[in-house]
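S.K.: This is the structure I want to talk about, given as structure tokens.
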Amino acid sequence: MAAQKLLSLLVFQLALVAFILDVANAQGLKVGFYKNTCPQAEEIVKKAAASFISRAPSLAAPLLRMHFHDCFVRGCDGSVLLNSTSSNQAEKDAFPNLSLRGYQVIDAAKDALEKKCPGVVSCADILALVARDAVSMMNGPFWQVPTGRRDGRVSNLQDALNNLPGPAFSISALKSSFAAKGLSVKDLAVLSGGHTLGMSHCSSFTNRLYNFTGKNDADPSMDPNYVAQLKTKCKPNDATTIVEMDPGSAKKFDVDYYTLVSKRRGLFQSDAALLTDSTTNAYVQLQLTSKSTFAEDFGVSMVNMGNIGVLTGNSGEIRKKCYLVN
């Protein structure tokens with residue numbers, strides 16, 4: 001009996017230690033983390049990002065998406081940046097990540113930082129900062145990014161397939177996916193607004209245009225006029241054509257995405273799903289008014305997302321090259 005009590009106490013203490021460590025990890029991030037060790041870190045990252053995005057504004061959306069895809073798989077630890085090896089297929093090569101672009105921006109920022117402050121700034125932090133700067137450069141909001149993340153040493157293709165929410169997700173699947181990462185339903189509604197930027201391959205939504213229920217029909221939740229319009233651009237089995245997610249405004253960060261969703265012109269099933277839940281639908285409708293809160297909400301939700309599963313303190317490492325473990 002005494003042995004059982006001792007074992008129970010030990011299990012409880014181990015659980016408590018794990019909980020405290022988890023809380024400490026999230027608290028290990030802070031705005032200005034590199035103030036003493038690399039004071040110009042954020043400026044160096046911004047300069048590197050601007051040098052690319054000013055010439056190719058279309059990079060802003062995939063760089064924002066890259067941070068999202070990093071955080072939802074093993075936490076915000078830069079694991080999406082690691083290359084596959086002969087013995088391991090990395091996240092980068094998972095199907096949902098094959099359309100990510102902009103790795104050269106991260107590498108350029110890392111190279112510049114290594115020259116100024118070798119071995120100090122993590123690739124995970126660079127991702128978070130570049131995502132913020134990319135949005136800001138597209139007329140979007142600017143927010144303070146807590147830093148202090150360290151880089152993970154593991155990247156696994158299957159983890160990406162298991163954790164990334166897909167474009168065909170229902171509202172219940174989306175809510176479960178976000179809740180599993182500690183994010184709220186409001187975070188879901190806000191971060192979906194990131195679709196105001198960028199392009200999508202037809203293959204991510206053609207199921208909504210053709211044979212949606214196996215009867216050669218379209219998704220009834222999409223505006224029929226929009227279906228007809230998209231059919232002129234995307235033929236069945238088209239795997240190469242890309243279209244704007246927010247037509248006419250795909251290079252500007254604004255609230256137009258919510259206007260499209262409200263008109264049943266969201267490109268993905270996951271966009272249309274926002275109208276099927278009272279909380280997310282209310283958020284969509286609010287953004288159509290003069291009381292829109294999207295710009296400020298986006299920064300808050302990005303910080304929330306940037307806290308997922310972070311490595312701090314002595315966990316992980318600071319990579320010298322973002323695509324290789326040390």
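The backbone N, Cα and C atoms fix where each Cβ goes, and this holds for glycine too.
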S.K.: According to TrEMBL, CYS322 takes part in a disulfide bond; indicate which of CYS117, CYS123, CYS202 is its partner.
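M.R.: If we follow TrEMBL, the cysteine bonded to CYS322 turns out to be CYS123.
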S.K.: With reference to TrEMBL, specify which of the listed residues CYS76, CYS117, CYS202 is paired with CYS38 by a disulfide.
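M.R.: As annotated by TrEMBL, the paired cysteine is CYS117.
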S.K.: What residue among CYS76, CYS234 is stated in TrEMBL to be the disulfide partner of CYS202?
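M.R.: TrEMBL annotates a disulfide bond between CYS202 and CYS234.
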S.K.: Over the domain 'Plant heme peroxidase family profile' (28-326), what is the model's mean pLDDT?
M.R.: 96
S.K.: How far is it from ASP246 (Ca(2+) 2 binding site) to HIS195 (heme b binding site), counting Cα to Cα, in Å?
M.R.: 7
S.K.: Give the distance between the Cα atoms of CYS117 (disulfide bond) and ASP77 (Ca(2+) 1 binding site), rounded to the nearest whole Å.
M.R.: 20
S.K.: Determine which residues of this chain, when ASP70, VAL73, GLY75, ASP77, SER79, GLU91 are set aside, have a Cβ within 8 Å of the centroid of the Ca(2+) 1 site's Cβ atoms, and list them as they appear in the sequence.
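M.R.: Leaving out the recorded residues gives HIS69, CYS71, PHE72, ARG74, CYS76, GLY78, VAL80, GLY152, SER155, ASP159, GLY309.
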S.K.: Which of the binding-site residues listed here (ASP70, VAL73, SER79, GLU91, PRO165) have a Cα atom within 10 Å of the Cα of CYS322 (disulfide bond)?
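M.R.: Of everything listed, what lies within 10 Å of CYS322 (disulfide bond) (Cα to Cα) is SER79.
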